[in-house]
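According to TrEMBL, the protein carries these features:
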ACT_SITE  LYS209  active site
BINDING   40-68, 103-104, ASN108, THR134, LYS284  NAD(+) binding site
DOMAIN    42-200  domain '6-phosphogluconate dehydrogenase NADP-binding'
DOMAIN    203-329  domain '3-hydroxyisobutyrate dehydrogenase-like NAD-binding'
Amino acid sequence: MAASLRLRGAASGLRYWSRRQQPAVASLAAVCSRSMASKTPVGFIGVGNMGNPMAKNLMKHGYPLIIYDVFPDACKEFLDAGEQVVSSPADVAEKADRIITMLPTSINAIEAYSGANGILKKVKKGSLLIDSSTIDPMVSKELAKEVEKMGAVFMDAPVSGGVGAARSGNLTFMVGGAEEEFAAAQELLGCMGSNVVHCGAVGTGQAAKICNNLLLAISMIGTAEAMNLGIRLGLDPKLLAKILNMSSGRCWSSDTYNPVPGVMDGVPSANNYQGGFGTTLMAKDLGLAQDSATSTKSPILLGSQAHQIYRMMCAKGYSKKDFSSVFQFLREEETF
């Protein structure tokens, strides 16, 4: 892999692949009523917070899996359910000609595809490789070139919806790649998501995801600020959330993923901000947005401020908490 690609990955990379999370999920090996015909094995690399439930939904749709994760413990429940667990991405490529990768950063994706034991060491001609990580669009384009040299097909397909949507199979996939390959990708992605959208050439899926998370970060900070102000003005937080959600301030951060503890059940703010989408990963995605804004000379004034806020949160002990913990951060920063 070219040195420039590795530098891009290193610039935005974190030195780990998956965050451990293996919540109990009933009927792990359950199979839906869809026909079992032609269900050949699918490789899945990276079964962390998001990859874990995504892989389980493929199982529920009848696909045998070839699993790899850098943390062996993350694979245990798949092994217990009868799925194959192998020791490297190359081993996955040897056993499966359709592979999905779900990794935290550009550097992790580069290692998984072109590392010493990467997918490209044993990839078969005609294989379909789908990367659902959120990484630099330029890295996706470079990986696509390397994959094409091996006679295989690469598509970027980052996701939106969070862990809850991953569990319920309601993710949105933003897909970049050759239009003639989209149907093949959609067959698999449709088992894990309710929306599978073709965005254009390789890299456009990442572009769409970066723009989405830029807006998400800004709206989450705005929701946290509004809720904090209202509470300090004497408003009941549940009442304030209700008013916001029937008014013009309504957004996903307020009505589906409210950052205030006690306002909603089943979201990270109700569980001490555990699970969900980590602050570190949001800071990473905002860094990708900042890089893209610089390269395209696009002003992102609020996005840049959001990036600094999430970087500050990482430095102050919030790195492993869900990104909605920005509410807690604002509450604690009396001199912010």
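Just so it is clear, glycine is given a Cβ too, placed from its N, Cα and C backbone atoms.
Whatever TrEMBL says is automated annotation, not expert-curated.
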All-chain count of other Cβ atoms within 10 Å of LEU65 (NAD(+) binding site): 22
Rounded to the nearest Å - Cα separation of LYS209 (active site) and LYS60 (NAD(+) binding site): 26
Proximal but sequence-remote residues of the same chain as ALA55 (NAD(+) binding site) (Cβ under 8 Å, at least 6 apart): PHE44, VAL47, LEU65, ILE67, PHE78
Within the domain '3-hydroxyisobutyrate dehydrogenase-like NAD-binding' (203-329), residues counted as helix, strand or coil by DSSP: 89 helix, 2 strand, 36 coil
PRO104 (NAD(+) binding site): tally of other CB atoms within 10 A of its CB: 26
Other CB atoms within 10 A, centred on ILE45 (NAD(+) binding site): 33
Confidence summary for the domain '6-phosphogluconate dehydrogenase NADP-binding' (42-200), mean pLDDT rounded: 96
Candidate with sparsest Cβ neighbourhood (10 Å radius) among LYS60, LYS209, the listed recorded positions: LYS60
Other CB atoms within 10 A, centred on THR40 (NAD(+) binding site): 9
